[in-house]
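Noted in TrEMBL for the protein shown:
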type	residues	note
DOMAIN	103-193	domain 'GEVED'
DOMAIN	214-281	domain 'Secretion system C-terminal sorting'
SIGNAL	1-25	signal peptide
Amino acid sequence: MRNKMTRIPTLALLLTAASVTPVSAQITNPAPYCAAGYDEGAMPVAHYISNVKIGTLNNSSGTTQYAAPHYVFYNNVQAPALVKGNTYPLSITHDNAVSTHFVAVYIDFNKNNSFADAGELVLQQYTQGITSPATANVIVPATAVAGVTRMRVMVFEDDRYTYGNTVHTSPTPCTDDAGGKFDWGETEDYNVNITAGGGTGIEDLGSQAALVCFPFPAKDRVYFNAACYGADVSLFDISGRRVTQYKNLTAAGIDISPVVNGLYFLWIEQAGKVLTRKIQVLH
């Protein structure tokens, strides 16, 4: 089950330039963090992560599993700036195999070289609830330690976490758990930069009328100014679950009449850029 959020912070309007060109990792040693590889069990199974998005980070690593033990640290990818107190849509695209048991993302918010502290598991999906992309809205704690820290993305299958089991044991972000190494999967590490805000690579476009959606609150439809036409739009609830998706945005806007009342996040993607906005649905 995905972590639940206990509050709804103000979400600034963010526009982030994002490259989707696959890159090669420079490091396969996780130190000073724990190992997170896979031992293949009795035979190879190629679970993989193909894309990771948060803030300015939009890294496509392809549909081929990284070489054994299937761990990689993309330290040559520019760290996205994550501002304390802000909320960021997170998206993990993976192979979405029926045998996948677990998808998780951890961020070391207190910079102690560990992912084991409370609140550092920012996305979690179990067997039978796994989707691709797996999504969440990540709140950067006001108490997070400023500076560059590590984010870990994992997708894996292991027979200790039985397919179809309704009682789930949450694995650790390391392979040195009680049962030994995980069987099949892939782990990708990234740097992220925790900041206090202002001049951090996130451009605040809240004052630019050309990049707005309206009305607020919205009843049956949401409309957008022409700068957003042609974009793809996803609607997420506050737990990070994607409720619906719209392709090729036009002047007609999007139909939200089937959506239940509540607060949501719009993810507007166009030409390698992502625009996020909070909306309220009130029928």
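Glycine is treated like the rest: Cβ placed from N, Cα and C.
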The domain 'Secretion system C-terminal sorting' (214-281): DSSP-derived helix, strand, coil residue counts:
3 helix, 37 strand, 28 coil
Within the domain 'GEVED' (103-193), what mean pLDDT does the predicted structure show?
81
